[in-house]
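In what follows, a structure is listed as structure tokens, so that the remarks can point back to it.
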Amino acid sequence: MTHQTHAYHMVNPSPWPLTGALSALLMTSGLIMWFHFNSTTLLMLGLTTNMLTMYQWWRDVVRESTFQGHHTPNVQKGLRYGMILFIISEVLFFTGFFWAFYHSSLAPTPELGGCWPPTGINPLNPLEVPLLNTSVLLASGVSITWAHHSLMEGNRNHMLQALFITIALGVYFTLLQASEYYEAPFTISDGVYGSTFFVATGFHGLHVIIGSTFLIVCFFRQLKFHFTSNHHFGFEAAAWYWHFVDVVWLFLYVSIYWWGS
């Protein structure tokens with residue numbers, strides 16, 4: 001900040017956007033190769049380059065914000081707007097999945113037997129694993145709020161405890177969802193019911209994994225004293241994202257599991 005007279009962060013040239021774009025190309029091409037030719041080589045290469053890009057890019061962001069002081073109040077304001085717009089774009093993504101579900105279920109075609117769930121589909125009981133999943137995610141929403149309040153009050157130990165509980169609940173949710181998929185009496189290829197169910201819940205499951213990763217990074221950063229009560233946007237963004245994942249699950253549970261069954 002010694003050589004500039006403004007509060008904005010002029011980012012240095014970085015290779016990570018380019019490697020990120022290349023890894024995305026490799027992953028999507030790898031998915032096609034996996035689906036059509038049962039070869040995972042390209043997919044594994046894409047995933048590896050993606051993980052390396054994420055690690056090194058976020059490492060640079062942490063250095064710039066925590067150690068070099070580039071994240072001034074003005075820069076943080078821009079990051080907040082960016083995170084809000086990102087979450088809005090995710091809301092629109094899920095809107096598409098809900099649209100597909102309601103379009104198919106509110107007026108079932110004769111091919112589906114004129115009923116919902118379609119003829120031959122045995123839906124999951126919403127009062128079993130899905131209800132447990134709901135309570136797990138709601139509990140994690142409480143614990144992440146506890147972590148945020150503890151951080152604001154400067155209580156580091158409580159913040160770490162609450163954050164650890166949130167991460168554990170996120171991992172537990174993922175394991176429950178995986179077991180539910182494994183035991184489900186229908187598959188993604190079982191017509192429109194299977195495809196809308198697995199795409200919507202699977203995409204949400206992916207968001208839980210991303211959110212858990214975000215929180216794990218925050219946990220290790222807090223172990224190294226990176227957050228203070230007035231400088232912690234990395235954690236705040238993770239908390240916003242986690243609450244978004246919570247709310248989406250409530251809509252999924254009510255729509256697909258409860259009403260849709």
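All positions are counted from 1 along the displayed chain.
Yeah, the Cβs are placed from backbone N, Cα and C, and that goes for glycine too.
As given in Swiss-Prot:
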type: TOPO_DOM; residues: 1-15; note: topological domain 'Mitochondrial matrix'
type: TOPO_DOM; residues: 35-40; note: topological domain 'Mitochondrial intermembrane'
type: TOPO_DOM; residues: 67-72; note: topological domain 'Mitochondrial matrix'
type: TOPO_DOM; residues: 106-128; note: topological domain 'Mitochondrial intermembrane'
type: TOPO_DOM; residues: 184-190; note: topological domain 'Mitochondrial intermembrane'
type: TOPO_DOM; residues: 224-232; note: topological domain 'Mitochondrial matrix'
type: TOPO_DOM; residues: 257-261; note: topological domain 'Mitochondrial intermembrane'
type: TRANSMEM; residues: 16-34; note: transmembrane segment
type: TRANSMEM; residues: 41-66; note: transmembrane segment
type: TRANSMEM; residues: 73-105; note: transmembrane segment
type: TRANSMEM; residues: 129-152; note: transmembrane segment
type: TRANSMEM; residues: 156-183; note: transmembrane segment
type: TRANSMEM; residues: 191-223; note: transmembrane segment
type: TRANSMEM; residues: 233-256; note: transmembrane segment
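Within its own chain, the transmembrane segment (191-223) is flanked in space by residues 58, 62, 66, 90, 93-94, 97-98, 100-101, 104, 112, 116-118, 121, 123, 137, 144, 151, 156, 159-160, 163-164, 166-167, 170-171, 173-174, 177, 181, 234-235, 237-238, 241-242, 244-245, 248-249, 252, 256, 260, which lie at least six positions past its ends and keep a Cβ under 8 Å from the stretch. Under 8 Å from some Cβ of the topological domain 'Mitochondrial intermembrane' (106-128) lie the Cβ atoms of residues 180, 184-186, 190-194, 253, 257-258, 260-261, all in the same chain and six or more residues away from its ends. Same-chain neighbours of the topological domain 'Mitochondrial intermembrane' (257-261): 101, 105, 116-117, 123-126, 130, 197, counting only residues six or more beyond its ends whose CB sits under 8 Å from a CB of the stretch. The listed stretches are 16-34, 73-105, 129-152; of these, 16-34 has the most Cβ pairs under 8 Å to the transmembrane segment (41-66).
Outside the topological domain 'Mitochondrial intermembrane' (35-40) by six or more residues, the chain places nothing with a CB less than 8 A from a CB of the stretch. The topological domain 'Mitochondrial matrix' (1-15) scores a mean pLDDT of 80 in the predicted structure.
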